[in-house]
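What follows is a short report on a single structure.
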Amino acid sequence: MSLIDWFAARRKDQFVGKVSQDTDEGDGLWVKCSECSQVAYRKDLISNFNVCSNCGHHNRINSDERINIIADKNSFKEFDSSLSPTDPLGFKDRRSYADRIKESQAGTGLRDGVITGFCSVNSMPLALAVMDFRFMGGSMGSVVGEKITRIIERATIENYPILIVCASGGARMQEGMLSLMQMAKISGALKKHKEKNLLYMPLLTHPTTGGVTASFAMLGDLILAEPKALIGFAGRRVIEQTLREKLPDNFQTAEYLLEHGFVDVIVKRKDLKTTLTKILKIHGVKELAEANI
């Protein structure tokens, strides 16, 4: 490589974000789509809800960005923001669980992998829980389970509909049984919510897997999903080795689940708030004064 080529490559790196396929995050003015490799101006991508304008790929977004898309401006009131995980088992693999918690908290600014609260959607009340995949893969530990259970219980008392935005690798193995029991605890809270004939909707985003899929992600009155989201319990390789069969290429995608009746509707990110508004109105949710949220 000549000196001129070296400077040209160095200059290009300053402007083109190095996008990871796992995070879809870059550090430059331009971002390459991990699906179609189209290069887009970062500000244009953000203004399009972090969806590729060329292929429609829905890049991962964080919990704050989700809330901004769903909730009316300044309407979100967060609950239980002080809850933080501990290390009850003193778990350690290559690194200690305590160190992993600290690293995720420092990297995301979150205490754990979910944000919960009340908000309004076009002036209609909604209890909202948003999982954040950046925090240890969105895994469900005792704090995530407790916060989701509490927001369901609050919604039941206030007669509010619920939306849970799912993005998770499943139960958090570092907490053992304390993690697994959250599946039953959340499901029990949802049953009480359902007994009052209140609306519950999960939104399945990429990826929604493991214990989250096996519990509250599939208990909705209406199950929504983002396009091409990976949704499943066990991984493709595990299933193929168990069944000794080759699975379809689109297996465990939102489109495959819609075709087979596990998902009710696939919603593009730009249409989410409009779709939620229609669903809430159809189910008779009344507008609520901002002061009452």
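The backbone N, Cα and C atoms fix where each Cβ goes, glycine too.
Residues or ranges marked as Zn(2+) binding site in Swiss-Prot (evidence: sequence analysis): Cys33, Cys36, Cys52, Cys55. The feature domain 'CoA carboxyltransferase N-terminal' is assigned by Swiss-Prot to 29-293. What Swiss-Prot lists as zinc finger is 33-55, and the listing cites sequence analysis.
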Exercise. Taking the centroid of the Cβ atoms of Cys33, Cys36, Cys52, Cys55 as the Zn(2+) site, which other residues of that chain lie with their Cβ within 8 Å of it, listed in sequence order?
Worked result: Ser34, Glu35, Ser37, Gln38, Ser53, Asn54, Gly56, His57
Seminar exercise, completed: Residue counts for the zinc finger (33-55) under DSSP, helix then strand then coil, are 6 helix, 4 strand, 13 coil
Problem set entry | Cβ packing number for Cys52 (Zn(2+) binding site), 10 Å threshold | 21
Exercise. Highest CB neighbour count within 10 A among the binding-site residues Cys33, Cys55?
Worked result: Cys33
